[in-house]
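Just below is one structure, and these are the notes that go with it.
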């Protein structure tokens, strides 16, 4: 009986070691006061423009010139006007576990088109529209999901795998 109880204690210790107890934050005055830190904006201070900046498909314009081939005429136009074009896109379509690259790029392009309809419907400059479309396609195809890199590279280690491994070892030792 004593040997059987020692295995349960071992299982309890393993469960505590690999559980989420390390993620629990301690509460105290020291953790509440953050010296020399800027206060986070309250909900009243967050403007509609700030919310719109982070919507899916929103352009990121920082004035960087990207190395993308638009063809001879498109390259000249982009050289002269690169500061008017986006150099990034806010889009995170990686929430689905099995999303393919093609579905991800299509979703990114559709979200970008929906979020920036005014940019895409300027009828005055056809070359600007062509360069913008090519740029959006490139920016969306350059984005990636982390799990694409991990496919084929073995198992992803999650928090539950060490616990399952410990339980498997416990069952094996108990049966032995």
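Using N, Cα and C of the backbone, Cβ positions are placed for all residues, glycine too.
In Swiss-Prot, the feature O-linked glycosylation site is assigned, of 43, 47, to 43; the remaining candidates carry no such note in the record. Residues 27-50 are the range that Swiss-Prot records as region 'Flexible tail', among 3-26, 27-50. Residues 122-139 are the range that Swiss-Prot records as region 'Cu(2+) binding', among 122-139, 158-175. Separating the Cα atoms of residue 110 (N-linked glycosylation site) and residue 98 (N-linked glycosylation site) is a whole-number distance of 19 Å. In terms of DSSP secondary structure, the region 'Globular' (51-152) contains 57 helix, 4 strand, 41 coil. Cβ neighbour count within 10 Å across all protein chains ranks 110 highest among the glycosylation sites 98, 110.
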